Amino acid sequence: MASQPDFHAVATPKPNEPLHIQRDADAVDAPSKLALVAHWTAGLLLAFSVFSITVIFTPMVIPVTTTFLNPMWNVNPKVKGSGRPEMVNDSYFFFGVILPIIAAFLLVRLVSKGASFPVPGLSHMLKRKPRIFGSLVSYGEILFLLVLVAGNIIFYYHYYSTRLKPNSKTKDKIKLAAKTLGLSTMYNMVWLALPASRHCFWMEWLGIPFAHGVKYHRWLGVATIVCATVHVAFYIQVYVAANDAMTLLPCFGCDVAKEGKMNWVNTFGWIAFWMMVVMGLTSLPYVRRHYYKVFYATHFLFIPATAFAIMHYANIAIYLFATIVLYIGNRMMSSATISAPVIVQKAAAHPHNVTELTFECATSYRAGDVVYLKVPSVSKTQWHPFSVASTPLHTPGSLTVYIKTLGEWSGQVHEYVRQCTAANVDPVVYMDGGYVPPAPVSASFDKVVFVGGGIGVTPLLGQILHTLHSQSWQDVLLFIAAFFGAGSLFVAVHYNTKITTADPSYWPLQRLMEFLAIVIGAYWAYVVVLVKPYTPVPVARSQVDEVPKEPMMSTDAFVERYNVQQGHMDWSRFFASLADTTAATASIGVFVSGPKTLLRAIEAETHASRFALHHEEFEM
């Protein structure tokens, strides 16, 4: 069974570095038993971290707190002010969430790299889309939604039910529901940023490319905003019913440490909430497609939104600790590869509004990889994903993408490349890469079908060429240093709540500094590990492509040589005949890339278990 590639960063050449780097294909395609065991262990650790957060308010956590965490910090619940109670909850998250995530990260990066999903049949089954739901969502997506809903229900139920008294009045129930929904908002925020991280090792472990994982980010965003909206609505009702609506507004002449504290707690909550609403509204498909710059700019509101959310409820800091550090670590890894433009070997503006870009690449990659491109002359902020249309087996030392003009950005890139070609200058392009690619073509497939429509054929070109021709300690140190730096600064600020101990009215500063401690501590790793940007260095034009190629053929000769057929495709007859000519126990790999209508047509004919369907995702 072919395996998912290990993590790697696509980079431009360095001085005196050989341009052609070959990889041991057998080593990649045959992960060791140790790698598979590590892969399973990493999955169990990730599941345990999710479980630890989900059950935090259930009775099963009480023995852990009373027998282990309280004695650790000399806390006696019967003696007020004993020990360091502010560290008990943090310790639970350290042992139940942060430590398992660090261990899982190390296993994925150092041991299980190159290991495929342990149960290939299950992986293929999760990608199928049942007809009962109109083939709109896959079994894997349904499973994700069930886990998300079940997690929210368990989290909500155990907090709400354990605090609901038999004689509680309606207003008390609404107030308790409002607080619980606020915690549910926090619960969803814990997972919100992970699928939106391009280098997320969770997605790598699951073998989910970034383009496919973004949908989970959107679903979590919807869950977060819905919970936050109902949380706000319930609290408005609570304060209005109590004739205390002014507490929802800020006060400027009050004692922030006493009677004015709730005013500012609510104010910080309002600010965070409206920032989330703005991000949600600008993420709607129409806005995202037609006003990408607005979508891109408003998404930076997540930084102040997180800060104000922590100032609204201090415990959010430890809940989001691992997420923040992982996200910042992923951003630092991206920054290390995009500080300088790549070397362009070829840039051509072809007819029919297709742009071809070929870059020199010193790092190995695999067929089907995804890279992100930025063209500063068109936009200094926009990064767009493109599937690699080449394979290092066919064109070692270079990487090719094709861009079809489908919108304003791609149209301007086409015109920019045309002008550069006319002026005999190379276009300036930045590239960010090293992400989990689509599923590789497995050697276990008896037959493989590639279905490409329009420009969607480009991701398949590399896979087809690959079929026909048939990372590093620094990354680990970066994340270890990020977790250590963020954790050390956070504990230094949070332990004994030094700022509020000096003056209780400084509680907003205490919470803000805890957030900044996590962020600054994580970025501190960038200095310690010295992740240096890749600098493009011109290299001598050497004979890098040692793979023999056939001479160019005319169109007629090509059609005759490979028996190319033209006409309307009857997918039902095609897949039926394909199944009839294949052994009953053999599997058939189907790779689709193109419009949604094409994908739906293929899905309708490949529901049988013998078909392993993979498709490219273009909707970001």
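In case you wondered, yes, glycine gets a Cβ from its N, Cα and C as well.
What TrEMBL lists as domain 'FAD-binding FR-type' is 331-441. Taken from TrEMBL, the feature transmembrane segment applies to 44-70, 91-112, 132-155, 216-236, 268-287, 299-328, 476-495, 515-531.
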Within-chain partners of the transmembrane segment (216-236) [C-beta distance under 8 Å, separation at least 6 from its ends]: 144-145, 148, 152, 174-175, 177-179, 181-182, 184-185, 188-189, 191-196, 245, 248, 266, 269-270, 273, 276-277, 279-280, 283
Mean predicted confidence [pLDDT] for the domain 'FAD-binding FR-type' (331-441): 78
Per Cβ pairs under 8 Å, the stretch of 132-155, 268-287, 299-328 packing most closely against the transmembrane segment (91-112): 299-328
